[in-house]
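Down below is the structure, laid out as structure tokens.
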Amino acid sequence: MAFVLSLLMALVLVSYGPGGSLGCYLSQRLMLDARENLKLLDRMNRLSPHSCLQDRKDFGLPQEMVEGDQLQKDQAFPVLYEMLQQSFNLFYTEHSSAAWDTTLLDQLCTGLQQQLDHLDTCRDQVMGEKDSELGNMDPIVTVKKYFQGIHDYLQEKGYSDCAWEIVRVEMMRALTVSTTLQKRLTKMGGDLNSP
């Protein structure tokens, strides 16, 4: 039994490795992780959003860029990656640890990291030499500005409970948009090495 389990694990690792045949396909696992992260964010709710209405802010989520036809396939992958990386960075901070139930926060950060790890399998193959120029690509810059606005807001509000609640709701929107982008990539073929 242990041998069969070891063999199955080895097959999975080979299949998802850099040279593996499944390496650059968006998997169901990525979508399941995305859904689980949304559920965790929902469970992290500590305050009624209605009690924080005075702290609401429009962060300018670039939703139309992601959900519309503005992104080409070669832009969609780096935008998805950047959204997940910035989400992870937002929640993997000392300020965030003080604001949330640490068990749920750890689970969320782990889930975001799993999504990033899955995408890392493809990142070098998809982006390769283009990586430095993609960092300056308009959609990436837009995503970075969006998250910088969130960081600035939290700092301006002194990382208050209401500020974090507003950001939690906003991040649910952002991760929903990133899930939509994952679905679009899958419809584009899912094979991130194809043109």
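The backbone N, Cα and C atoms fix where each Cβ goes, glycine too.
Disulfide annotation in Swiss-Prot: Cys162 is bonded to Cys52, selected among Cys24, Cys52. In this view, Cys162 (disulfide bond) is surrounded by 16 other Cβ atoms within 10 Å of its Cβ, with every protein chain counted. Sequence-distant neighbours of Cys52 (disulfide bond) (same chain, six or more apart, CB under 8 Å from its CB) are Cys162, Ala163, Glu165, Ile166, listed in sequence order.
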